[in-house]
Amino acid sequence: MSLSPDITEIIARARSDLRMGVPVVLCAADGSAALVMAAETLDGQRLADLRALGQSPVLAITARRAATLKARAYDGDLARVLLPPDARLSWVLAVADPADDLKTPMKGPLQTQRDGDAGLHRLALNLVKSARLLPAAVVLTLTDGEQFAARHGLTRVTLDQATPQLLRTSPLHPVVSARLPLEVSEAGRLHIFRPEDGGEEHYAIEIGQPDRAVPVLARLHSACFTGDLMGSLKCDCGPQLRGALLQMGTEGAGVLLYLNQEGRGIGLANKMRAYSLQDQGFDTVEANHRLGFEDDERDFRIGARILSLMGFSSVRLLTNNPAKITMMEDNHIKVVERVPLKLGENAHNHAYLATKASKSGHLL
Ligand SMILES: Nc1nc2c(ncn2[C@@H]2O[C@H](COP(=O)(O)OP(=O)(O)OP(=O)(O)O)[C@@H](O)[C@H]2O)c(=O)[nH]1
Ligand SMILES: [Zn+2]
């Protein structure tokens, strides 16, 4: 029935439930099912209620986090850590969150599950990640997923439908655009694009009236609250943002996409967790890994989609990141030229920029 939520809408609900600390039920076609809670938003009462169901829960973490904790990841990209019978909420949080790894030696060694299928655990982690929470989820096997969800009023997500949905880029739709005179050019215009999956909106600033028949000067800028707005010296984002706009203003035409993928796609709270780890001596890539994330969790396809929707098919791309060029080419946007954007190096971000060059392939 069209009034019922489809899989995209059910996933959006699940994401918001997990952020609120509400459990969700995951079901597979073979009848297996699991009750899932995000470790980050779990509370003591819900953990006790979950334990009262009788089965032993596991804590699903990514292989990246497992490597830091020296836990064996038998499932490739993830590990299922067995909760010791006396494990409290603080134990769950200490496994999920690396903040105190160095201060508090881990209870361990951690035992991980080897037998059985990890499909529902993988879906749990993907959902928690897409909710911009720490990638760790408490998972309890259920025998009657459908009835359990109905009895407790919980959102139920099916593995077969959800997995392809989480892998694809949500379609985006233009919402509105309006004139926006800017310091760099009075001929500015702001366009808003909204994804169908309930995720964050993305923006495009169009400067002048770029001819769609020739390559446009373009920048894909990922949100950086600290650098773009606060003038943080820890990265180069603020100077890059303003430098790109200035170049477009000077040339009289260009398009800057402002993609709401804060912290290379891990969200601002997790980026601040990464910053704390950087203060403990880890570099930007190591910090992401200790948290359980990949170096870069952004979906660059979104940028190519927005350019296509705006009628652009080729660009002169302002970037030092070769991955952005590859992604554009793979998604039907021709990059005729890379325009370097070397701005804003200082004593605080020198090591960060050097790490991006040595570990993430950024061009100098
Ligand atoms: N996770 C994480 N994200 C960071 C850190 N420092 C900056 N960021 C984020 O990194 C992203 C930088 O985005 P961009 O400047 O578009 O991308 P880039 O990959 O550096 O590529 P170019 O600037 O085009 O060369 C922003 O989303 C920032 O919020 C960090 O230490 N950890
Ligand atoms: Zn930044």
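In case you wondered, yes, glycine gets a Cβ from its N, Cα and C as well.
Per TrEMBL, these features apply:
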- 176-340: domain 'GTP cyclohydrolase II' (DOMAIN)
- ARG219, LEU220, HIS221, SER222, ALA223, GLN240, GLU262, GLY263, ARG264, THR284, THR319, LYS324: GTP binding site (BINDING)
- CYS224, CYS235, CYS237: Zn(2+) binding site (BINDING)
- ASP296: active site, proton acceptor (ACT_SITE)
- ARG298: active site, nucleophile (ACT_SITE)
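Annotated features, which come from TrEMBL, shown on the structure.
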residue	record	contacts (Cβ under 8 Å, 6+ apart)
ARG219	GTP binding site	GLN240, ALA244, MET248, GLY254, VAL255, LEU256, LEU257, LEU317, LEU318, THR319, LEU341
HIS221	GTP binding site	ASP228, CYS237, GLN240, LEU241, ALA244, LEU256, LEU257, TYR258, LEU259
ALA223	GTP binding site	TYR258, LEU259, ASN260, GLN261, GLU262
CYS224	Zn(2+) binding site	SER232, CYS235, CYS237, GLY238, LEU241, GLU262, GLY263
ARG264	GTP binding site	SER222, LYS271, ASN288, ASP295, ASP296, GLU297, ARG298
Practice prompt. Determine the recorded positions, out of HIS221, CYS237, ARG298, lying near ligand 1 in the sense that the CB is under 6 Å from one of its atoms, and give them in sequence order.
Written response: HIS221, CYS237
Response to the item:
In this structure, the one of the recorded positions GLU262, ASP296 whose CB has the fewest other CB atoms within 10 Å is ASP296
Worksheet, complete the sentence: Around the Cβ of CYS237 (Zn(2+) binding site), other Cβ atoms within 10 Å, all chains included, total 21
